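Structure record follows, encoded as structure tokens.
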Amino acid sequence: MSYSFQGLLNRVNESAIVNTLKEYTGLNTPKWTFNDIPDLTGKVALVTGSSGGIGYVTALELARKGAKVYLAGRNEEKYQKVMKQIHDEVRHSKIRFLRLDLLDFESVYQAAESFIAKEEKLHILVNNAGIMNPPFELTKDGYELQIQTNYLSHYLFTELLLPTLRRTAEECRPGDVRIVHVASIAYLQAPYSGIYFPDLNLPHVLLGTFARYGQSKYAQILYSIALAKRLEKYGIYSVSLHPGVIRTELTRYSPTFALKLLEKSVFQYLLLDPIRGAMTSLYAATSPEISKEHLNGAYFTAIAQRGILHRAHDDAFVEELYRYTHKIFEDLKYLAPSP
């Protein structure tokens with residue numbers, strides 16, 4: 001059987017479209033399930049933004065496999081209810097609350113100090129909390145909501161916990177201690193420069209809140225790569241991921257017309273529920289495959305697939321962002337000068 005050139009081109013284009021949709025939405029058949037999570041007894045995990053959505057499912061499944069799990073968030077009353085839900089489902093669960101307000105650098109610092117006072121080890125850190133497309137507003141620290149919540153505060157929190165992570169890694173096999181950054185394919189919405197160093201707040205950018213969200217997610221991915229390079233000698237793995245397009249509260253700030261379009265169109269069938277949405281996070285946090293295949297610094301897409309970054313970046317740019325961000329917190333006296 002022979003095909004015309006146009007017919008072959010159509011097939012290639014169709015395949016590309018299907019693969020892109022699978023990468024964006026996570027509609028591929030999972031090669032990995034919750035049953036593949038190894039026993040985590042004796043391990044300590046921390047999940048930010050775990051009161052609902054994929055953060056809740058991530059914390060629940062880590063607890064189900066025996067880990068002691070810290071739920072990090074702002075509203076203690078809300079989290080007490082979440083902890084009860086987890087206890088009701090997993091009777092043997094070891095769940096703790098850690099107060100963390102990502103809109104306040106001082107709260108981030110205090111949260112890290114509180115955790116360090118309670119625990120000597122940390123095996124799994126999942127930087128999951130996020131905010132998407134809110135109206136333009138600055139935090140008390142002077143940063144736009146998305147860049148602070150999604151990137152800056154997670155950067156500070158992670159850097160403060162690095163001594164604990166390194167100490168934990170001394171007694172573990174390479175790759176058993178992991179930092180997971182829940183990013184998004186929306187990193188493609190970042191400004192042309194990727195990161196706008198003159199003003200991270202992007203107050204006048206043409207695409208507004210979407211570009212600000214994209215920049216915050218791109219920064220997360222680049223930070224993950226920077227950490228992977230810095231921490232490999234300690235046996236600590238840092239990875240990032242796009243969890244898929246998920247039905248969660250994250251979209252609460254999205255334009256009403258956009259949500260209605262999703263709900264009333266074929267795109268509603270492309271949305272993942274939080275259970276499937278959490279699969280990639282849990283794969284990144286626990287799968288032995290990642291250590292076995294030396295996937296430190298990797299970027300994953302839904303569901304539990306190795307992804308490809310579609311924006312060019314080099315080591316110099318990654319390092320520039322790392323040092324630029326570190327300097328912010330050096331000046332605020334939250335971090336010591338970077339070596």
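Residue numbering: from 1, along the chain as shown.
Positions of Cβ are set from backbone N, Cα and C atoms, glycine also.
Binding of NADP(+) is attributed by Swiss-Prot to Ile54, Lys78, Asp101, Tyr213, Lys217, and within the candidate set Asn128, Asn296 the record adds Asn128 to that site.
Among the listed recorded positions, namely Lys78, Lys217, the Cβ with the most fellow Cβ atoms inside 10 Å is that of Lys217.
All chains included, 30 other C-beta atoms sit within 10 angstroms of the C-beta of Ile54 (NADP(+) binding site). Lys217 (active site, lowers pKa of active site Tyr) has Asn128 as its nearest neighbour among the binding-site residues Ile54, Lys78, Asn128, going by CA to CA distance.
The recorded positions under consideration are Asp101, Asn128, Tyr213. Their Cβ neighbour counts within 10 Å are lowest for Asp101.
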